Every structure is written in C-alpha cells, then in structure tokens.
Amino acid sequence: MNPLTQVKNLQKINARESDLGISDEASWHAKYKNSAYVYVGGIPFDLTEGDLLAVFSQYGEIVDVNLIRDKGTGKSKGFAFLAYEDQRSTILAVDNLNGALVLGRTIKVDHCGAYKKHEEEDEETRRQNREARGVCRAFQRGECTRGDSCKFSHDEKRAANTGWGHEEDRSSKWDHDKNREGRGVCRAFQRGECTRGDSCKFSHDEKRAATTGWGHEEDRSSKWDQDKLNGAKKGGTSFGNRGDFKPDVEEKSYRGRGDGDASYGRPKERERVDREDMGPRSRDAYDMKEQKRSGRYDNAYSRRHNDEIDYVREDKGSRAQDWEKRKAESRRDRNDREEKDRDSLRREDRRR
C-alpha cells in the first residue's frame with residue numbers, strides 16, 4: 001500500500017474515534033500499550049538523529065533513536081525507530097505528527113508493536129560472525145558490491161583455498177583428496193570435453209586415458225589389445241583356443257540344442273544324423289525337393305490349399321463375380337414379382 005494512503009487511513013481512524021468519543025481503553029492505541037517505540041517513515045535523507053530529537057521530543061522524553069543507515073555508505077535510508085520514556089507519549093506523537101510535512105516530505109508515524117533493539121556489535125565480533133557464516137561467493141567471483149556491510153567473509157586467503165576464487169587458485173579445491181587416482185580416469189577428459197580442470201574428482205592422466213579405449217579415436221583400439229595376447233579367459237568358450245574343438249560336432253550340437261540346453265558343447269553318445277541325408281517321406285515332398293534343386297519350384301504351389309482340408313479358389317475375382325451373380329438374380333426375381341402383380345391387376349380389371 002502507498003505510504004500516503006496509510007497516513008490518510010490513520011487520520012480517518014483518529015477522526016472517527018474523536019467524533020464518536022471512544023475511551024482510551026477501547027481505542028486502537030490500546031493494542032500497543034506495551035510498546036514505547038514508534039516507527040517514523042518518509043524522513044528526508046538530510047535529517048540526522050539530532051533533528052529527529054528536536055521534532056519528536058515536544059511530546060515526551062526520548063530514550064532511544066535508531067536512524068537506519070546504509071552500512072557501506074553511511075547514508076540515511078529514510079526511516080527510523082524512536083522510543084519514549086512514557087508509553088502515552090507515543091499516542092500523542094502518532095495523533096499529531098502522522099501526516100506532518102517536514103522539509104517538503106510527508107512523514108508517517110505509527111506504533112511499533114514488536115521492535116527489538118539492535119545491539120551494536122564491535123568490529124571483532126562482526127568479523128567472527130562473518131567467518132562463521134563462510135566465504136561470500138560473489139566476492140570469490142569478484143562481483144560483491146556490499147563491501148563491509150556483507151554478512152559473509154571477504155577473506156582472500158579463504159576464498160582462494162575453496163576453489164571458487166580466481167582461476168589460478170581453483171586448483172586447491174581437491175588438493176587434499178589423495179584418493180583421486182583411485183576413482184579412475186575422467187571419461188569427459190578422455191573425450192576431450194572435461195572443463196573442470198584440476199578441480200575434477202577423477203584422474204586426468206593422459207597415459208591411463210590412452211590405454212582404456214575411451215580416449216581419442218586412434219587410442220580406442222587398445223581397449224582389447226591385452227585380450228589378443230592373453231587368449232581366452234579362464235572358463236570361457238572361445239573356440240580358437242580350445243584344444244578339444246571339433247567344428248562338425250560343435251555345429252551339429254548347436255543346431256540340435258534347444259534354449260537352455262546344458263549339453264551344448266559336450267560330445268553326445270548317439271550318432272548325429274543330418275536330416276537332409278534322409279530320404280523323402282512322401283512323393284509330394286520328393287517332387288518339391290527336386291523342383292527346389294532344379295530351380296523350377298513354383299511358389300504358388302505353397303500358397304494353395306489342400307483339397308482334403310479346404311476348398312481351392314482358382315479365380316481371384318470369383319468373389320466379385322459371385323456378388324454380381326447374386327445381384328442379377330435378385331433383380332430378376334424382383335422383376336418377376338412385379339410382372340405377376342401387374343398380371344393379377346389386369347385380371348381383376350377384366351372381371352369388373
């Protein structure tokens with residue numbers, strides 16, 4: 001809400017209570033009977049604590065004046081808190097000075113219910129509190145504009161040791177970490193995309209990055225070079241390094257095995273017979289096999305139905321022809337019925 005609107009609202013409340021003759025116990029001032037502080041807003045920036053004493057002391061003795069100033073520049077922010085020795089003086093100040101004109105500015109005077117007096121801290125206490133809060137991140141980036149009014153520490157040494165300071169000081173962020181090499185090589189560094197530099201938690205060893213197969217394109221071939229020398233690993237199934245490997249037996253056992261067959265790769269006792277070496281089971285199968293061998297196999301043969309199982313549709317357009325046939329028959333039947341109806345009508349006319 002606009003401060004001038006608040007000033008007018010307070011003046012309306014006071015005028016209405018005065019017209020109605022409301023007692024002090026029922027007045028809105030009784031809500032702040034336990035507070036001797038008043039809030040003063042809209043103060044001209046040139047006024048000092050002495051000027052405020054001169055203006056407000058006419059309604060009672062003032063025991064505390066807190067003119068809020070900027071901690072960096074020391075300039076007034078335009079509002080203050082005053083405390084009277086007698087609480088009844090606050091009622092007089094609010095009723096008489098609210099909306100008053102001081103050096104061309106309308107000031108607002110109102111009760112202050114829960115004001116806590118700010119204890120002034122000495123420089124040593126202020127420094128200790130800043131150190132406890134930590135280093136200012138904006139100061140580490142060189143962007144803090146609060147100066148001495150900042151709540152956080154501006155210690156350049158601490159800023160350099162956190163890794164958030166200047167570029168040359170950020171390397172100290174992970175210097176205490178002795179297990180950095182144990183975490184492995186940074187994959188972003190291997191691809192040439194890591195931007196963390198020395199602050200990265202993972203190793204940036206170029207030699208190790210080259211032997212992992214994750215580095216540059218010419219170094220990725222070294223990923224499996226060690227397996228070429230070591231051969232098949234213990235317990236593996238590499239055919240090139242097995243002494244008992246038999247191509248024919250392995251191929252036949254692979255063809256005949258099912259999913260989850262534990263006998264794969266083991267010599268079987270029974271004789272393996274290729275199914276293709278067996279004779280044809282029927283004459284049709286024999287003819288089909290001969291056609292496949294000679295290249296004269298008709299694919300349409302496999303698309304036909306068996307006469308014993310289902311009917312064979314020789315003509316692809318038979319369905320449309322059947323539909324036309326049924327349609328023509330229904331048309332003839334309808335014409336015949338109409339002709340019979342006309343004949344019956346003519347016979348009746350003759351009788352009449």
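Backbone N, Cα and C define each Cβ position, glycine as well.
Residues annotated as domain 'RRM' in Swiss-Prot: 36-114. Each residue of the domain 'RRM' (36-114) gets a DSSP state, and the totals for helix, strand and coil are 21 helix, 30 strand, 28 coil.
Look at Swiss-Prot and you will find 130-157 (among others) tagged as zinc finger, backed by sequence analysis.
The region 'Disordered' feature in Swiss-Prot is assigned to 156-179 (among others).
In the zinc finger (180-207), helix, strand and coil residues by DSSP number 12 helix, 2 strand, 14 coil. The zinc finger annotation in Swiss-Prot covers 180-207 (among others), and the record cites sequence analysis as its basis.
According to Swiss-Prot, the compositional bias 'Basic and acidic residues' annotation covers 210-230 (among others).
Residues or ranges marked as region 'Disordered' by Swiss-Prot: 210-352 (among others).
Look at Swiss-Prot and you will find 243-296 (among others) tagged as compositional bias 'Basic and acidic residues'.
Positions annotated as compositional bias 'Basic and acidic residues' by Swiss-Prot: 304-352 (among others).
The coiled coil feature in Swiss-Prot is assigned to 319-348.
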With helix taken as DSSP H, G or I, strand as E or B and everything else coil, how many residues of the zinc finger (130-157) land in each class?
13 helix, 2 strand, 13 coil
